């Protein structure tokens with residue numbers, strides 16, 4: 001341990017001494033090696049680094065104001081979503097910033113590629129030796145102890161004084177990869193006979209079998225989700241795919257023939273790819289997460305055009321793993337999907353504040369364009385994206401971002417209760433947004449001194465809503481299996497939103513877009529409040545579900561008929 005500390009001390013000495021000598025200023029740093037990682041040694045000077053830099057955006061405050069203006073039901077501009085060009089005016093860096101950064105790149109013989117539509121993200125590749133020189137730091141190899149996975153990072157870096165106010169961040173540098181993907185958990189094999197509901201698909205009585213297994217029929221009965229086919233071809237639902245999780249069409253056909261017998265089993269999805277993504281159809285390639293997300297969006301959002309967006313491994317956003325790439329990919333489109341559901345995430349402390357802010361602002365851009373962005377809140381209760389040991393509560397990301405909608409999980413019927421796995425809590429990076437200030441204040445008052453010191457009482461609270469998240473029946477490689485996770489809940493709620501959008505578009509109305517200002521105002525009464533259960537972790541019982549909003553189940557579970565009324569239909 002002494003040798004490791006000495007090496008770390010040398011790293012800090014190097015990163016702090018070089019800037020002074022070369023008029024570099026310390027820009028970002030970590031206090032130490034992130035939990036779970038261990039310093040291996042210096043990185044090879046010849047190792048190629050895929051660097052990403054973000055330029056300071058021209059008007060992020062204006063973007064936020066515009067987002068709320070078109071997303072708040074009481075606003076005169078509610079539903080008047082912005083165009084691609086209108087969004088880019090808020091985001092594009094100033095001419096001065098572009099000139100300053102381009103001059104610096106040219107001085108260092110670096111040719112950069114534009115990575116985002118507005119030009120606020122640039123990318124280039126350079127060897128470690130050059131990166132150490134221009135950023136006044138030392139890159140090292142770090143290993144994740146549980147798996148041996150190695151990554152090249154630094155604990156701090158600097159930028160030229162003349163780039164202050166122009167260059168926002170350099171990535172990945174201090175951002176370490178999160179090895180814990182937010183994936184559903186396999187429970188057990190299930191027979192088709194046991195999983196088949198005891199009531200027909202049009203019944204509003206929840207089949208008793210739903211206490212053991214969740215199918216589309218269960219969710220339709222629980223939440224009043226209609227089986228009536230959607231009619232609007234312009235209404236699109238996007239499903240994110242990452243880490244080589246592939247959606248299998250044969251498994252979808254089997255799922256529909258077994259659990260949505262009222263629609264054609266040939267119903268399928270479209271495919272879009274980026275970062276060398278693909279979607280092979282061999283049974284052995286079928287992914288639990290991808291199959292879950294596709295089977296429950298297509299199985300619930302009847303006839304809503306659904307696209308599986310497969311993000312490959314050749315990511316352009318470093319250890320963000322394609323999270324920024326997919327948003328930039330959609331921002332480049334003239335007509336991005338009106339709903340995007342993602343069942344992946346990570347712990348908030350695995351990304352720097354600057355990276356979190358930039359990605360969150362990307363969600364604001366897409367939200368202002370009219371897209372509802374939904375994420376699973378995570379499966380570790382208050383211990384993060386997955387269950388883990390912790391001293392204080394671990395927020396997840398991007399659920400802590402105020403410009404997207406986080407979906408938690410419930411379990412059981414008559415009544416539903418909070419699922420213990422449902423990640424929820426308060427962000428350490430983002431403050432409580434205005435749309436939920438009253439709801440959060442009421443919860444904190446009811447909570448009192450419970451868990452005092454374990455979380456940020458002034459943070460953005462999540463999840464926002466919830467649906468069932470345990471015992472979901474899916475088909476993988478031809479076999480019926482059961483899975484758990486908020487990964488089940490996000491596509492379920494996405495389907496509800498997509499069906500609402502279908503009705504709105506048919507009525508010549510705008511889609512819902514960024515949901516939260518609506519959810520916490522006129523939409524709040526359209527949810528069934530969940531008042532029992534908790535989300536334990538960090539050697540505590542976590543947060544208790546309470547009347548009103550809570551950081552386990554959010555505002556509760558949806559009632560489709562009441563939501564139709566809330567949106568004015």
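Along the chain as shown, residues are numbered 1 onward.
Keep in mind that glycine also has a Cβ here, set from the backbone N, Cα and C atoms.
As given in TrEMBL:
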- 289: active site, charge relay system (ACT_SITE)
- 293: active site, charge relay system (ACT_SITE)
- 487: active site, charge relay system (ACT_SITE)
- 529, 530, 548, 550: Ca(2+) binding site (BINDING)
- 213-569: domain 'Peptidase S53' (DOMAIN)
- 1-17: signal peptide (SIGNAL)
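A sphere of 10 angstroms centred on the C-beta of residue 530 (Ca(2+) binding site) encloses 25 other C-beta atoms. Sequence-distant neighbours of residue 529 (Ca(2+) binding site) (same chain, 6+ residues apart, CB-CB distance under 8 A): 547, 548, 555, 556.
The two recorded residues, residue 550 (Ca(2+) binding site) and residue 487 (active site, charge relay system), have Cα atoms 19 Å apart. For the pair residue 293 (active site, charge relay system) and residue 487 (active site, charge relay system), the Cα-Cα distance reads 8 Å. The recorded positions under consideration are 289, 293, 550. Their Cβ neighbour counts within 10 Å are lowest for 289. Residue 487 (active site, charge relay system) is 7 Å away from residue 289 (active site, charge relay system) when you measure Cα to Cα. Within 10 Å of the C-beta atom of residue 487 (active site, charge relay system) sit 29 other C-beta atoms, taking all shown protein chains into account. Its own atom aside, the Cβ of residue 548 (Ca(2+) binding site) has 16 Cβ atoms within 10 angstroms in the protein chains shown. Other residues of the same chain near the Ca(2+) site, with their Cβ within 8 Å of the Cβ centroid of 529, 530, 548, 550, are 531, 545, 546, 547, 549, 553, 554, 555, 556. In this structure the alpha carbons, written CA, of residue 487 (active site, charge relay system) and residue 530 (Ca(2+) binding site) are 19 Å apart.
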